[in-house]
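Report on the following structure.
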Amino acid sequence: MWVLGIAATFCGLFWLPGLALQIQCYQCEEFQLNNDCSSPEFIVNCTVNVQDMCQKEVMEQSAGIMYRKSCASSAACLIASAGYQSFCSPGKLNSVCISCCNTPLCNGPRPKKRGSSASAIRPGLLTTLLFFHLALCLAHC
């Protein structure tokens, strides 16, 4: 029961007037062949307090690499990325990888020669965030 109390407290903090949270992401809703949608014309402002993450989907096909990027809610993004995890084999034909991140323009081009991105959400954290989101929803039902 104390978990719901904590969840309600966090909900109150995030939904206070004046504390609107908005993130910018790269967005190309239709798959783009060999175009990673990372130029300025693909930058969009996501829906305030609803779409709090950026999502990137990469499909490797015989014709080339297909990209789709968008804003997403944390729940939708985490569910999609977890659902496709078994299909993600970078460098292999028909691989489908979906990743989520929560910093501005984080679904854009990869940084040159650096380690893994600190903003990328790790698989163990996916479950924690999903359960936290469910607790928040239960607190408001």
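Yeah, the Cβs are placed from backbone N, Cα and C, and that goes for glycine too.
Per Swiss-Prot, Cys101 makes its disulfide bond with Cys106 among Cys97, Cys106. Across the domain 'UPAR/Ly6' (25-107), the model assigns an average pLDDT of 91.
Around Asn45 (N-linked glycosylation site), the C-beta neighbours below 8 angstroms that are at least 6 residues distant in the chain are Gln22, Gln24.
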